[in-house]
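According to Swiss-Prot:
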DOMAIN    4-86  domain 'KRAB'
ZN_FING   134-159  zinc finger
ZN_FING   169-191  zinc finger
ZN_FING   253-275  zinc finger
ZN_FING   337-359  zinc finger
ZN_FING   393-415  zinc finger
ZN_FING   449-471  zinc finger
ZN_FING   477-498  zinc finger
ZN_FING   504-526  zinc finger
ZN_FING   560-582  zinc finger
ZN_FING   588-610  zinc finger
ZN_FING   616-638  zinc finger
ZN_FING   649-671  zinc finger
Amino acid sequence: MASVALEDVAVNFTREEWALLGPCQKNLYKDVMQETIRNLDCVVMKWKDQNIEDQYRYPRKNLRCRMLERFVESKDGTQCGETSSQIQDSIVTKNTLPGVGPCESSMRGEKVMGHSSLNCYIRVGAGHKPHEYHECGEKPDTHKQRGKAFSYHNSFQTHERLHTGKKPYDCKECGKSFSSLGNLQRHMAVQRGDGPYKCKLCGKAFFWPSLLHMHERTHTGEKPYECKQCSKAFSFYSSYLRHERTHTGEKPYECKQCSKAFPFYSSYLRHERTHTGEKPYKCKQCSKAFPDSSSCLIHERTHTGEKPYTCKQCGKAFSVSGSLQRHETTHSAEKPYACQQCGKAFHHLGSFQRHMIRHTGNGPHKCKICGKGFDCPSSLQSHERTHTGEKPYECKQCGKALSHRSSFRSHMIMHTGDGPHKCKVCGKAFVYPSVFQRHERTHTAEKPYKCKQCGKAYRISSSLRRHETTHTGEKPYKCKLGKACIDFCSFQNHKTTHTGEKPYECKECGKAFSRFRYLSRHKRTHTGEKPYECKTCRKAFGHYDNLKVHERIHSGEKPYECKECGKAFSWLTCFLRHERIHMREKSYECPQCGKAFTHSRFLQGHEKTHTGENPYECKECGKAFASLSSLHRHKKTHWKKTHTGENPYECKECGKAFASLSSLHRHKKTH
């Protein structure tokens with residue numbers, strides 16, 4: 001095996017190069033360095049406490065010199081006195097480099113592989129730094145120093161450029177400038193993506209074999225680092241260290257503006273940009289800016305269509321690793337995090353915490369109009385559209401505009417019929433599992449969201465929130481003409497009553513509608529589609545609302561009660577019609593009993609109860625009735641017996657069943 005010098009193990013990046021690396025490359029580099037140094041027998045370092053990313057905030061110390069500094073002083077404070085031959089064979093062998101003999105330090109007699117490493121080592125050991133810069137002010141390191149010194153003249157020149165801002169080396173591909181030639185060369189290599197060590201499975205190239213070895217674990221699934229507390233295993237040492245903080249709760253990085261603390265420096269930096277608004281990472285295709293490189297990388301995949309993360313169980317691919325992890329939990333039924341307010345359960349703690357913000361409204365990002373808080377800026381931006389009415393996502397097929405991208409994607413499936421989640425009952429497809437689950441409740445009639453005040457249940461959480469405002473009386477959206485609305489959607493719909501605008505037109509008959517759902521409902525009159533079926537009598541309906549109203553025939557529910565006479569009705573239209581009876585003048589009076597009516601036809605029907613006249617006869621059984629409506633009700637009893645053979649209306653007291661609701665009511669009076 002060929003020998004490798006220590007400087008081949010310790011690789012430098014400048015501040016500019018470090019900024020160019022993506023999050024995956026940074027993490028991989030950290031893992032390699034941590035794992036490599038852990039394998040050095042004589043280099044006993046406190047690497048676990050070392051934040052590699054911090055070194056690239058202030059890249060003023062040569063990393064190789066730092067390593068050799070620690071090489072001189074062992075962990076217990078004694079001199080190392082060990083030779084390179086004692087380093088593990090996997091890192092450095094006993095043989096020297098071709099043509100280069102082992103160089104011995106005159107300071108302590110240690111042997112170090114390679115002349116440049118020796119130079120650095122001797123200078124560190126002797127404290128000899130011939131190039132000193134006297135204008136350098138206080139450093140942001142743990143100790144303050146003036147007049148920073150350097151072991152090499154080129155390092156001294158590069159450092160000077162930090163103060164002058166001079167960057168004489170330009171990249172011809174992207175135009176970015178660098179303070180040193182080495183930085184430019186490394187930057188160009190990163191941009192080209194070339195390297196001598198290539199992955200046999202995916203073809204990705206790397207500059208160092210150790211990076212390739214770490215990358216190969218993404219294919220093999222090898223996880224050598226196991227947490228002692230929860231037995232969770234990790235492919236990379238840095239991931240293991242990050243995970244450890246979930247047990248200890250350590251959050252060493254605190255924001256000076258809002259005092260929020262973070263376990264990782266990268267998370268802290270990302271958070272800081274929410275205050276400053278800085279977005280240094282731009283998409284090369286559409287120039288959209290992002291606060292961190294990972295968000296930019298994820299966004300760029302929307303242009304390329306790349307989805308590198310695949311589920312092993314179902315083969316579904318994702319552009320983000322977090323999306324894959326969330327998806328994998330859908331194969332497991334376990335949801336350990338349950339909301340005590342609404343009963344909704346979650347697979348992940350983060351999802352649960354975000355959900356709780358919906359109840360409390362205490363998120364860090366506040367809406368200036370209504371004061372509601374959100375967990376992230378994107379959620380706040382989406383919410384602000386409910387106030388502004390902005391709808392940036394427009395469907396090219398039907399012209400409908402939507403406020404949110406997720407709503408737009410769901411809407412497009414209505415046209416295409418494509419979607420990963422298909423309903424087994426009606427075949428309708430959906431993009432998101434949450435929307436699919438909500439749709440399934442239209443078939444099962446499940447209502448998991450209950451009002452704490454009145455006990456009324458709803459299929460959708462938004463319907464519950466809308467209902468809760470009927471108790472509080474809150475109506476924040478006011479029309480200029482005086483009417484107030486519960487939510488922004490109702491307010492927008494109300495405005496069309498003044499303008500008369502009807503933007504949604506049926507392509508078949510040309511009829512226009514003010515709301516998209518009215519158009520969708522109307523389309524079923526052309527297609528004849530009736531997806532909602534009554535479980536009792538199997539009658540089908542084109543609209544869910546019609547099914548709900550129909551079900552009252554079987555249940556006997558009469559939610560609309562007249563305050564004047566106490567009469568109850570199953571349907572709102574009948575109730576409103578009845579209310580007018582009390583409001584109108586009753587000028588038609590029965591001469592026999594004195595009862596008054598608003599219309600002459602009502603009086604004529606009533607008079608038949610005195611005369612015993614029954615002009616309306618049933619052709620099937622010969623039974624006669626005083627009114628046509630009574631005959632129609634009677635005919636339904638024949639239809640039900642013929643077609644269903646059942647009596648759906650059962651008396652709860654004696655168990656006797658009846659074909660019609662009116663028969664059940666008459667029977668109840670006998671009890």
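Numbering starts at 1 and runs along the chain as it is shown here.
Each Cβ is built from the backbone N, Cα and C atoms, and glycine gets one as well.
Sequence-distant contacts of the zinc finger (337-359), counting only residues of its own chain at least 6 positions beyond either end whose CB sits under 8 Å from a CB of the stretch, comprise 326, 329-330, 373-375, 448-449, 461, 464. For the zinc finger (560-582), the residues of the chain that approach it from at least six positions outside its boundaries are 549, 552-553, 598, judged by C-beta separation under 8 angstroms. For the zinc finger (477-498), residue counts in helix, strand and coil come to 11 helix, 4 strand, 7 coil, using DSSP. Counting Cβ pairs under 8 Å to the zinc finger (504-526), the top-ranked stretch among 253-275, 393-415, 449-471, 616-638 is 393-415. Below 8 angstroms of C-beta separation, residues 605, 608-609, 659-660, 662-663 of the same chain, each at least six residues beyond the ends of the zinc finger (616-638), sit close to that stretch.
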